[in-house]
Amino acid sequence: MLIAIDVGNTNIKFAICTSNRILKIIRIASQQAKTADQYFFYLNNIINQLNTDFKNINNIIISSVVPSITKPMLELSKNYFNINPIILDNNHADIFNIKINLQNKALGSDRLADIIAASNIYPNKDLLIIGMGTATVFNLLNKDKCIYGQVIAPGAHILAKSMRQFTALLPEVSVSKQDKVVHNNIYHAMESGVYWGYITMVNGMIEKIIKEEKKDLHVIATGGNSYLFFDHKTAINNIETDLTIKGILYLHNMLSNNTAQNSI
């Protein structure tokens, strides 16, 4: 069994997986780094819920874009599971014949995991993969599995927090779905601005990218804010909320030469 760990700027995901199935995922906030012992407390809860044994865990793969949290995750793996974990990085793209044609190969490990999963789930397609996390990252992958371009924009939570941070009187609001656009109180007006502003930004960016690329792009959304698009008919073809974890699982199977690769 695999423990897949996705460390993002806003949340950490712990997932317990078999070779072809994600059994359980929990999310915790990542704003403040914790100790290996504290992270084990959360992970131990999942293992107990699944009624499985620690001995069944034979691999741990970590995708992390927060260096300060990577260290306790390494300690967690070694101290509690006696496993030297695999740290997902750009070198793993070669295993899947994925080429990174970006300056300085500037691609986060979470986004690479997304691309690994998307290229396996939707093969032989020109893909636009949108990671809707702390930042909103649009990555382009062609049929030849070359990552050749990207757009990076603020995430919905950054939009919400920035209004409070850079103004004297505006309150802090949450990111939440809104049925209407115009409101008569400041809280709902701000929530509407964040929600509909984010929806409009993403839809507009997709439209501009497709127009500029002049090709039929299969559009996939993933990440913590992708749920905002569940009720909207947009150019997004598929919403894959756990694409990063699936990418880590594909890597696990590839490194293990596991025949379950195509059934995730």
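Cβ coordinates are placed from backbone N, Cα and C, and glycine is handled just like the others.
Positions annotated as active site, proton acceptor by Swiss-Prot, on the basis of sequence analysis: ASP110. DSSP assigns ASP110 (active site, proton acceptor) to a helix. Counting only same-chain residues six or more apart in sequence, the Cβ atoms lying under 8 angstroms from the Cβ of ASP110 (active site, proton acceptor) belong to ASP6, GLY8, SER63, VAL65, GLY131, GLY133, THR244.
Per Swiss-Prot, the feature ATP binding site maps to ASP6, VAL7, GLY8, ASN9, THR10, ASN11, ILE12, LYS13, THR134. Every protein chain considered, the tally of other Cβ atoms within 10 Å of the Cβ of ILE12 (ATP binding site) stands at 22. According to DSSP, ILE12 (ATP binding site) is assigned to a strand segment.
For GLY108, SER109, ASP110, ARG111, the entry in Swiss-Prot reads substrate binding site.
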Round to the nearest Å and give the CA-to-CA distance linking SER109 (substrate binding site) with ILE12 (ATP binding site). 14
Return the residues near ARG111 (substrate binding site), defined as same-chain residues 6+ apart in sequence whose C-beta is under 8 angstroms from its C-beta, sorted by sequence, else 'none'. ILE129, GLY131, VAL137, ASN139
Counting every protein chain shown, other Cβ atoms within 10 Å of the Cβ of THR10 (ATP binding site) number 18
From the Cα of GLY108 (substrate binding site) across to the Cα of THR10 (ATP binding site), what is the distance in angstrom? 14
Quick one: pull the CA-CA distance for GLY108 (substrate binding site) versus ILE12 (ATP binding site), whole Å only. 15
